[in-house]
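As given in Swiss-Prot:
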- 79-174: domain 'Pre-SET' (DOMAIN)
- C81, C96, C156, C160: Zn(2+) 2 binding site (BINDING)
- C81, C83, C89, C94: Zn(2+) 1 binding site (BINDING)
- C89, C156, C162, C166: Zn(2+) 3 binding site (BINDING)
- 177-312: domain 'SET' (DOMAIN)
- C272: Zn(2+) 4 binding site (BINDING)
- Y311: S-adenosyl-L-methionine binding site (BINDING)
- 328-344: domain 'Post-SET' (DOMAIN)
- C332, C334, C339: Zn(2+) 5 binding site (BINDING)
Amino acid sequence: MAAMLKATERHFYFHGREGYEVERNNCHWCQIRAFPTHSTLPVTVVNEQDDEVLPDDFRFINNVVLGKGVEQAGDSFRSGCSCAKDSECQYTSCHCLADLEDDDSSDEEEFDAFGDKIERTTPKPRRIAYAYHSHGAKAGLLRSKFHNSKMPIYECHQSCSCSIDCPNRVVERGRTIPLEIFRTPDRGWGVRSPVSIKKGQFVDRYLGEIITSNEADRRRSQSVISQRKDVYLFALDKFTDPDSFDHRLKGPSLEVDGEFMSGPTRFVNHSCDPNMRIFARVGDHADKHIHDLALFAIKDIPEGEELTFDYVDGVSHEGEESGGDIDHMTRCLCGSKKCRKFLW
């Protein structure tokens, strides 16, 4: 534990003094402490297994970083809903939900403008699917129909007229639980929470540097182990369409590289039987090419249980089934009963 102890000692005894600016900027604890939610929703680091510390070349960030050749949409292309009240940001009236298909089914009870439950004797009118429960004990949780779907989540955002308390700003408001990065016995670093997490609850975003596909390929080729690099690269390909009118969505998708800069979810391990899933989340429709990667719980997660998601979202590698060359495949160490043995 000497290396961890030495690092924490320098943080607590020296980084508040003058003359330590460079060291302070490179300190993981100082980076974490700079998070705006640190005092109420801290991220902590614990190692009770060995003498390892977090990688020296890694930096904690609180928002994505746009790499060379990646740009947000200009202000003239931005737009949001004009809902005067937060209660209007649902179903057919909100511009932010315009790209969703009509849906005549719902697992959510209906309430009127006064918060009273609506008892229907006739079928519900067709309406646009709403991602979150907005009333009752499940308010703010992802609706169950989304849990096993590949549907994107469309949210209101900073260009909208509704308030930050709008029920359709769950990811926009950010992480609401503390997280702990801890050393596992056999899989490096992992992540857990000291509080229980409800099924459907938003956990956090996967952050990193957003780069072009060419840059992603270059980084793969320069990586000592290319498969290891793929653990940290996630394609933003949810809306890739060769027939799109938006040239940014026509070609190869951008990718998020979280290896050297990211948030705490960079240390979340894979499982073939995960308790979280990753979803494409869209704020401003003009920025679909740089949509968020949002992690939601798909099970009730007890406090202290390791947080995991499926890196390949249930896709089995054909090499395992066909008896192909497995020497160059990445073995899975999740240990679950549903383990597929290989990642890719």
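Glycine is no exception: its Cβ is also placed from the backbone N, Cα and C atoms.
Feature annotations (Swiss-Prot) mapped to structure.
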{"residue": "C81", "record": "Zn(2+) 2 binding site", "Cβ contacts under 8 Å, 6 or more apart": "C89, C94, H95, C96, C156, C160, S161, C162"}
{"residue": "C83", "record": "Zn(2+) 1 binding site", "Cβ contacts under 8 Å, 6 or more apart": "C89, S93, C94, C156, C160, S161, C162, C166"}
{"residue": "C272", "record": "Zn(2+) 4 binding site", "Cβ contacts under 8 Å, 6 or more apart": "D310, C332, C334, S336, K338, C339, R340"}
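Annotated Zn(2+) 5 site C332, C334, C339; additional same-chain residues within 8 Å of its Cβ mean position, judged by their own Cβ, are H270, S271, C272, L333, G335, S336, K338, R340, K341. Residue environment of C339 (Zn(2+) 5 binding site) contains 14 other Cβ atoms, counted within 10 Å of its Cβ in all protein chains.
Mean pLDDT of the predicted structure over the domain 'Post-SET' (328-344): 81.
Summary of the Zn(2+) 1 site environment: with the site residues C81, C83, C89, C94 set aside, the chain residues having Cβ atoms within 8 Å of the Cβ mean position are S82, E88, Q90, S93, H95, C96, L97, C156, C160, S161, C162, C166, N168.
Cβ atoms within 8 Å of the centroid of the Cβ atoms of C89, C156, C162, C166 (the Zn(2+) 3 site) belong to the same-chain residues C81, C83, D86, E88, C94, C96, C160, S161, S163, P167, N168, R169, site residues excluded. The Cβ of the residue listed as 'S-adenosyl-L-methionine binding site' has V231, H270, L343 as same-chain neighbours under 8 Å, each 6 or more residues away in sequence.
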